[in-house]
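According to TrEMBL, the protein has these features:
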- 110-183: domain 'Beta-ketoacyl-[acyl-carrier-protein] synthase III N-terminal' (DOMAIN)
- C116: active site (ACT_SITE)
- 240-327: domain 'Beta-ketoacyl-[acyl-carrier-protein] synthase III C-terminal' (DOMAIN)
- H256: active site (ACT_SITE)
- 257-261: region 'ACP-binding' (REGION)
- N286: active site (ACT_SITE)
Amino acid sequence: MANIRAAITGVGAYLPEYRLTNEEISKMVDTSDEWIMQRIGIKERRILKEEGKATSDMGARAVENLLEKTGTSPEEVDMLICATITPDMNLPATANIIAHKTNIHNAWSFDLNAACSGFIFSLSTATQFIESGRYKKVVIVAAEKMSSIINYEDRTTCPLFGDGAAAVLVEPSTEDVGVIDYINRVDGLGRHHLHIKAGGSLKPASEETVKNKEHYLYQEGQAVFKAAVSSMADVAAEIMEKHNISSEDVAWLVPHQANMRIIEATARRMGISKKQVMINIRKYGNTTAATIPLCLWDYEKQLKKGDNIILAAFGAGFTWGSTYLKWAYDSE
Ligand code: UT7
């Protein structure tokens, strides 16, 4: 019997309409378009402004878009994984809410919390269920309302992040396409450099924690920057070496979009030219788990069946990893 591979067979997305520009951020904190463009490379990010709307609303729109594009009915879906660090509520899982909102009733679902590595960790997880032959259709939806955990008085974090969602369908293939391999890593010591101090079991929310703004994302930018540059590049280079792939063999590098300088350093280390790199940080910022599938969605029309693609991510945890896959379809 031919080997079963887990292949991405469609991409959907949803982005809120509101564009938070550098000019607007410059009125909120002491910063400038020039600083943000030079040090990060972001021009604007999307923000979910509508009252009463949450991560699941963006996630559900992305899943609906995916199901429509791929001609999949909700009843066919076997499993749904939601990669997020901004769940609607601490419990239940946002995946369950998205499944409910999209009429996915014959599946089980769960959230996967790996911050910016959430999509690649979810893809590795989905791959196991597909390769084993157990499931035929797995939906991964990466959705983040980062604006709900960002302190817009903190200039060191507020220009970085944006809201958005993207979803992929993962199905079995016996052709030479799909996920070939992945390398995923974590280092819990990294938690000290990027976390939310309060609202968990260690420090439950109180009047005091809210007053101290401890319910917002806390980041030591430089420590995260250094770890991201070395870890993401190392693991991407490792997977290329393991599979004997040269930079010319790579059609696309899809790096997590946290900082243009990290993207460029990763590409340099892999010997990959900028035109082989998917980049959309300028218009969406860092949407955490959603950056990689949003890139796939943005570049979908340029992808060809059989293209060698390297995904690479780094995020809070620390978590990081790289996936090597062959693209499964021609878009047009
Ligand atoms: O996706 C999750 C993983 N996260 C990341 O990968 C983010 C990694 N980190 C970064 O991207 C960068 O560290 C930042 C963009 C967050 C910061 O850039 P940096 O080049 O590391 O700046 P820095 O923290 O070393 O700060 C340099 C200076 C400081 O001023 P002084 O102390 O030298 O006077 C900061 O106060 O820049 C100042 N600064 C700003 N100035 C204008 C920090 N933020 C701003 C700002 N506008 N928004």
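Along the chain as shown, residues are numbered 1 onward.
Heads up, the Cβ atoms here are built off N, Cα and C, so glycines get one too.
The Cβ of N286 (active site) lies under 8 Å from the Cβ of I42, C116, M146, L160, F161, G162, H256, Q257, A258, N259, each on the same chain and at least six residues away in sequence.
A 10 Å cutoff on Cβ-Cβ distances gives H256 (active site) a total of 31 other Cβ atoms nearby, all chains included.
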